[in-house]
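Report on the structure given below.
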Amino acid sequence: MFSRDLTIAKYDADLFAAMEQEAQRQEEHIELIASENYTSPAVMEAQGSVLTNKYAEGYPGKRYYGGCEYVDVVEQLAIDRAKELFGADYANVQPHAGSQANAAVYLALLQGGDTILGMSLAHGGHLTHGAAVSSSGKLYNAIQYGIDANGLIDYDEVERLAVEHKPKMIVAGFSAYSQILDFPRFREIADKVGAYLFVDMAHVAGLVAAGVYPNPVPFADVVTTTTHKTLRGPRGGLILARANADIEKKLNSAVFPGAQGGPLEHVIAAKAICFKEALQPEFKAYQEQVVKNAQAMAEVFIARGFDVVSGGTKNHLFLLSLIKQDISGKDADAALGKAFITVNKNSVPNDPRSPFVTSGLRFGTPAVTTRGFKEAECKELAGWICDILADLNNEAVIDAVREKVKAICKKLPVYGA
């Protein structure tokens, strides 16, 4: 028998110390990684609940194990809320991650060797959209589209590639593209060549849920997303679709038993909470502020002479090219880290450096917006970053910025009383 009083602090001091240090880091550092956010205490509570004890292979009402009557309720709540949130007819809440959701889509609708047309990783796409190092680039014939000299997707070029290569599936989505995707145009191109349209909205799902970014569900054959990032839930995946019995059956089979075994019902419960939070009016205000904050930061960088890829942002993220300054993303990342500002190095178009070094930084505002930053704080923050980038080896500047970061983080904590 377990005692409910046996906490991690009492049982495993070493692990507890590391967890406490991470909690302190999150409170004292400014988080600007575009794919990161902070979950609510309710989301974390669900993930640490008794639901972690239950195996539930199958789907609600059709399980391979007994004793699933209550986890069926949990999973159905998550399904129903996801469908309501995104206006979908179908939702599968079982994928353990976004990459696994994407793999399940490919497994459901493609055969090995089929051609897919996705956005190049070097131009802002994602590993799972056909990158050579990913299974999506190894199992399928991956053709890649990119951005033009203005940093924008050239839809005429996408159409030309589609007509030339006749893909079985067109993938629309990104990990580092700051503009609005034209879903009707993608649909038009897919229809022209008889391809499935698959949209990976992992980065913008929260914006979509709040109505501040176009919803791909009415246009795509299938949509995937993560449930963290802008959606601000647990780490996990989600698949959505319009009504299509054949596609729904294939997707369900591809997730289980095709790609996964038992679902993580404690994480699915956390997803249900996340979807409920996203259905509240205040979530729309939060997402609107996320975009305003990203735009405010980008404007400061442009005014200070830095190159923002695509000339600005219309979502939660943007790429900063440091080619002109001859600064590597790796060095910039390290210098900002000393000042308690967390970013990630990122390749930029026509990057002369390797993906392990890069010539750019990716910025995102979901996390700072969660802790209460508005345009004024984000402009000030962008200015501090510019000061460091202007002289990476100036320890006095880094020290001064770090003190400012600690002060603003104390003023705007992640988790209040």
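Using N, Cα and C of the backbone, Cβ positions are placed for all residues, glycine too.
Lifted from Swiss-Prot, the feature list:
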type: BINDING; residues: Leu121, Gly125, His126, Leu127, Ser354, Pro355, Phe356; note: (6S)-5,6,7,8-tetrahydrofolate binding site
type: SITE; residues: His228; note: site 'Plays an important role in substrate specificity'
type: MOD_RES; residues: Lys229; note: N6-(pyridoxal phosphate)lysine
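All features noted in Swiss-Prot, drawn onto the structure.
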residue	record	contacts (Cβ under 8 Å, 6+ apart)
Leu121	(6S)-5,6,7,8-tetrahydrofolate binding site	Leu127, His129, Ala131, Ser175, Ser347
Gly125	(6S)-5,6,7,8-tetrahydrofolate binding site	Gly118, Met119, Ala131, Gln144, Gly173, Phe174, Ser175, Tyr177
His126	(6S)-5,6,7,8-tetrahydrofolate binding site	Met119, Gly173, Phe174, Ser175, Asp200, Ala202
His228	site 'Plays an important role in substrate specificity'	Ser35, Glu36, Asn37, Thr39, Pro234, Arg235, Gly236
Lys229	N6-(pyridoxal phosphate)lysine	Ala34, Ser35, Glu36, Asn37, Ala202, His203, Ala205, Gly206, Pro366
Ser354	(6S)-5,6,7,8-tetrahydrofolate binding site	none
Pro355	(6S)-5,6,7,8-tetrahydrofolate binding site	Ser347
Phe356	(6S)-5,6,7,8-tetrahydrofolate binding site	Lys330
| query | Tell me, by DSSP, whether His126 ((6S)-5,6,7,8-tetrahydrofolate binding site) is helix, strand or coil? | reply | coil
| remark: Around the Cβ of Leu127 ((6S)-5,6,7,8-tetrahydrofolate binding site), other Cβ atoms found within 10 Å total 16
| task | Whole number in angstrom, please: the longest C-alpha to C-alpha distance across Leu121, Gly125, His126, Leu127, Ser354, Pro355, Phe356 for (6S)-5,6,7,8-tetrahydrofolate. | result | 17
